[in-house]
Amino acid sequence: AAVPARLWGGRSHCAGRLELLFAGTWGSVCAEGWDPAAARVLCHQLGCGRPRFVPVPCGPKAASAPPAVLRRVLCTGQERALEHCDLQPGQPSSCPTDR
């Protein structure tokens with residue numbers, strides 16, 4: 001199934017905080033395994049070319065984001081979209097929960 005993705009709060013649709021529509025809810029991605037390979041897949045999916053900057057998904061900006069929807073993301077970097085990666089739903093223990 002397709003997993004819609006968006007970058008929210010940036011200057012264009014190719015910048016901002018990553019959110020995914022997962023189980024009918026937009027949620028942030030603060031997941032183990034988010035790395036340059038996963039960013040490459042996301043940028044390809046959004047038609048944004050190569051990633052120039054890979055944000056730390058569990059950085060301070062994630063604390064003010066909607067609840068996390070993924071515990072782990074595993075991409076090789078060759079997938080055409082994030083739904084082809086190994087996505088494990090859930091809230092990671094390392095995610096900031098302060099609101």
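Just so you know, glycine gets a Cβ as well, placed from its N, Cα and C.
Quick look at what TrEMBL annotates:
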| type | residues | note |
| --- | --- | --- |
| SIGNAL | 1-31 | signal peptide |
| DOMAIN | 5-99 | domain 'SRCR' |
| DISULFID | CYS75-CYS85 | disulfide bond |
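Other C-beta atoms found within 10 angstroms of the C-beta of CYS75 (disulfide bond) number 22, with every protein chain shown included. Within the same chain, residues at least 6 positions away in sequence whose Cβ sits under 8 Å from that of CYS85 (disulfide bond) are ALA38, VAL41, VAL73, LEU74, CYS75, THR76, GLU79.
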